[in-house]
Amino acid sequence: MAKEEGSSVELRQRKKHKTSGSQEARAEKTKSPTVPERVSKYLSFQRFAKVLIGCIAAVVSGVMHVFYLSAYHERKFWFSNRQELERELTFQGDSAMYYSYYKDMLKAPSFERGVYELTHNNKTVSLRTINAVQQLSEMIEPVYFYIGIVFGLQGIYVTALFVTSWLMSGTWLAGMLTVAWFLINRVDTTRIEYSIPLRENWALPYFACQVAALTGYLKRNLNTYAERFCYLLMSASTYTFMMVWEYSHYVLFLQAVSLLLLDVFSEEQSDKLNGKKGTFVAKVIKVFKFYLVCTLPLTLNLIMKTFVPHKENEHVLKFLEVKFGLNVTNGKSQKEIVTLEDGRIGERPEIIYHVLHTLILGSLAMLMEGLKFLWTPYVCMLAAFGVCSPELWMTLLKWLRLRTVHPILLALILSMAVPTIIGLSLWKEFFPRLITELTELQEFYDPDTVELMTWIKRQAPVAAVFAGSPQLMGVIKLCTGWTVTSLPLYSDDDLLKRNENIYQIYSKRSAEDIYKILTSYKANYLIVEDAICNEMGTVRGCRVKDLLDVANGHVLCEEDNKLTFSKYGRFCHEVKINYSPYVNYFTRVYWNRSYFVYKVNTVISFQS
């Protein structure tokens, strides 16, 4: 019995001992998570500090860019000490035309009346009522100081480029490098210095915001709220970009092609892996999918052309064709299509997209110089990503097979050291140049154009209609408000035809032909520019008068080197001599060193 009790006591003691041990183990388990919690809190704080510093750097970059543009513009034009007419003359060509609509909005007695005058404008082009909102892609800018708003948008532009490069590389140092290279190469990145009210200066900041949102949207492991935010920002910026620029559908088409290539290249990879083991049904479905992709855009094209007026909404129609044709998602979001399978488009789909888009823009920029202002910012972002991304350095080191130093450690060091060295070298070389540019005092000086605008305001009748080059007509519309025969707009067929006909004043046509052209547009005054008439271009065949001779057949034939005979001299030269029959149709009423103004006679008096 004693043994049994003892044994029972021993069992109880072991049980008790086991219980105490389990309690100690449980206590250790409860204490052990304190270290990971501290680590997670530290990592969270580090991540928050990184994001905060990056956001501050992005905002500061945009604000500093605005201040720089404002100071540079003041030093270049001495804008604050110019008269209103001289300030407006700094806007040339289509910039002057768009700013004139802004002035009309300010002069309108009410907002509703201003919108109505924009949509039913019959005081700009003779014999035509223009819907500026629909046909000229003219949106109502905010009623603030115009230049300040444009500079503010440029600040947003730079901030969006900063954020895009940051999202690509994971470090805000890439954003700083992007902004630095953008400023240093601003001759190739923006035309804000050339002309402030250009439509692209209003539109490209919205496109940059859309690209930043798309970059974030394509990133993997994105939470729901961030994905929704990127989607909403992308939708809003795309809509605004489409509305404020008449050429936006071309840019969006290239973007859609890049996204399509992103999907196609990823499918090609899956085809290489699964091409041998695919079933017959899968291959049939793939053929059917290819058929849908090729035929559905044509079907939608016919439907839209049936219900949407093609002539009036041609640029919007092209955008709709592109978007509907290249985004047949069948109820799925674009991200679900692009990232349909894990690892299907590589680890970084947003990087692949930027590489494809940059290659497409670069190829087109070699053909059309104007696209370099859209392509160069992409190059700045990709270059900054290349030197700041640890992943890219890691890939490069793996290719080189360096084993002396651990590749991860070396990649981290290079991703921080190389941008720092580049930044210091840029600061040392280019910062003094920027300061020098801000210290140079210049001013706008164009007395001949000022005299011409002053004469028109004082001497020309209010109902007069002026004819001349489209660039000058835009300035006349802005500075005087008088009606003109043409505008510097090249997305409208009728205005293109008008510009071609009015340019005949610099061709080898008779006085009677020019008179018939001008009277068909109800022109009362003709302005001949000496800079175009006596243009001395360095490249043969590229001057305005050379192009007109080509169009009219008055050119040098390369086969037999014979000039097609024209019994008339160049009109802009002959009309200055004041002899018959030119004086019968036109009477000179004003001239200076640059401009000759002729009144189109309503009653023709033939002189011998």
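Backbone N, Cα and C define each Cβ position, glycine as well.
Per TrEMBL, the feature region 'Disordered' maps to 1-33.
For the transmembrane segment (51-72), the list of distant contacts is 148, 151-152, 154-159, 162-163, 166, 172, 175-176, 179, 183, 192-193, 434, 437-438: same-chain residues at least six beyond its ends, Cβ to Cβ under 8 Å. The transmembrane segment annotation in TrEMBL covers 51-72 (among others).
Residues or ranges marked as transmembrane segment in TrEMBL: 143-160 (among others).
Taken from TrEMBL, the feature transmembrane segment applies to 166-184 (among others). Non-local neighbours of the transmembrane segment (166-184) in the same chain are 50, 53-54, 57-58, 61, 65, 68, 158, 212, 215-216, 219, 350-351, 354, 377, 380-381, 383-385, 387-390, 415-416, 419-420, 422-423, 426, 430, 434; each lies 6+ residues outside the stretch with a CB under 8 Å from one of its CB atoms.
What TrEMBL lists as transmembrane segment is 225-244 (among others).
What TrEMBL records for 375-396 (among others) is transmembrane segment. Sequence-distant contacts of the transmembrane segment (375-396) (same chain, six or more residues past either end, CB-CB distance under 8 Å): 161, 164-165, 168-171, 173-175, 177-178, 181-182, 185, 188-189, 208, 347-348, 351, 354-355, 357-358, 361-362, 364-365, 407-408, 410-412, 414-415, 418-419, 422.
Sequence-distant contacts of the transmembrane segment (408-427) (same chain, six or more residues past either end, CB-CB distance under 8 Å): 171, 173-174, 176-177, 180-181, 184, 384, 387-391, 393-394, 397, 402. The annotation transmembrane segment is assigned in TrEMBL to 408-427 (among others).
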